Amino acid sequence: MQVYLVGGAVRDQLLGIDSYDNDWVVVGATPEMMLAQGYTAVGKDFPVFLHPKNKEEHALARTERKSGSGYTGFDCFFDPSVTLEEDLIRRDLTINAMAMDDSGQLYDPYGGQADLNNRILRHVSDAFVEDPLRVLRVARFSAKLASLGFTVAKETMQLMRDIADSGELNTLTPERVWQEWHKSLSTPRPDVFLSVLRDCGALAVVLPEIEALFGVPQPEKWHPEIDTGIHTLMVAEQAAKLSTSLPVRFAAQVHDLGKGVTPESEWPSHKMHCHTGLKLIKKLCERVRVPNEFKELALMVCEQHSNIHRAAELKPQTIIKILNKFDVWRKSERLKDILICCQADHAGRKGLEDLPYPQAGIFMLAYQAAASVDVQAIIQDGFKGPAIRDEQEKRRIEAVKVALNK
């Protein structure tokens, strides 16, 4: 039997970037041989084993044949006679279809290294169209590698359009959609994930709420880019520059969903979008099973980002009311995340990317002043029961007045 390092680990090694997961393929072995050498069987649908020492996954070389619809409709065949080339051809992209043996010898039967050097994401074979999940995977790899100059090959993009047109994307479970979206949020360019999905027609199928933003105008005075969809991509890019927090990056992408349902008669104004967006975010998060941590931050950003942009105009009591809604007294780190989203929204406008965002400083100063109010001093002053909270509110408002010179 021969063991090869395969897939992303080989790709990343050749690119000179860190790889955290090693995947191995074993040629010429049977399950019995693996078990005899101390490996532990873990695969349900096909034979995957954990190494006895490092616990890394080792899969027996296999072939796949389409037998039904969707990304699960495959029959797998594994046997000691399956070659490395036969195993690699079933993979999605040429850059993921390379292998390396323990001596460092590279095996590249499908031109992955050439595509790596030319910064091309290209399908290995026409069997690419048999798995609709690959559309999302290619979009994610585009986001992961965009900063290195990678683009999708024209022929591959056409196959992705064919998949989108076929209806096969509807077979993807909500969990798989979220899994790929979630992974894309940790890439250097999460916005590219969305733009590639849109280019092939998949965004309208898997994330129609975001697709609905494209072609919707905003006031040119505030948004030189005009198109809400383009603005959303710009905000997504800015959020990734400002924060590594995945909930922050998610909230930035969905904060303006309400603009997608503004009646055309009201364009380019979107006076109610902070309100109408809440329902859309809730439905989206429910549909694709988004964790509560992501949903809660997105809802707060959606509801209050326009108010935060007007920080200099707000009365101290209004600022305290907003801080209360954020529950910052118990979750102080939340305010920073919300303000980063608002800063990304502010910077995600054509030609205005480098403008300062003093609103964040105003809110942080107000919070620090209000948080300094000592509840023990209120109690010592003789306040009891509900009166303690009322007095605390008054003193917080007064502290903000002093801090902001209002």
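Residue numbers in this text run from 1 along the chain shown.
The backbone N, Cα and C atoms fix where each Cβ goes, and this holds for glycine too.
If you look up Swiss-Prot, you'll see G8, R11, R91, R137, R140 marked as ATP binding site. What Swiss-Prot records for G8, R11, R91, R137, R140 is CTP binding site, and it gives sequence analysis as the kind of evidence. Marked as Mg(2+) binding site by Swiss-Prot: D21, D23. Marked as domain 'HD' by Swiss-Prot: 228-329.
Swiss-Prot feature annotations superimposed on the structure.
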| residue | record | contacts (Cβ under 8 Å, 6+ apart) |
| --- | --- | --- |
| G8 | ATP binding site | S19, D21, D23, N96 |
| R11 | ATP binding site | S19, I95, N96, M98, G112, L116 |
| R91 | ATP binding site | G7, A97, V124 |
| R137 | ATP binding site | D92, E180 |
| R140 | ATP binding site | E180, K183, S184, T187, F193 |
D21 (Mg(2+) binding site) in three-state DSSP notation:
coil
For the binding-site residues D21, D23, the one whose C-beta sees the most other C-beta atoms within 10 angstroms
D23
How far apart, in Å, are the two Cα atoms that lie farthest from each other among G8, R11, R91, R137, R140, the residues recorded as binding ATP?
15
Other residues with Cβ within 8 Å of the Cβ centroid of G8, R11, R91, R137, R140 at the CTP site?
G7, D92, L93, I95, N96, F141
The domain 'HD' (228-329) resolves under DSSP into 79 helix, 0 strand, 23 coil
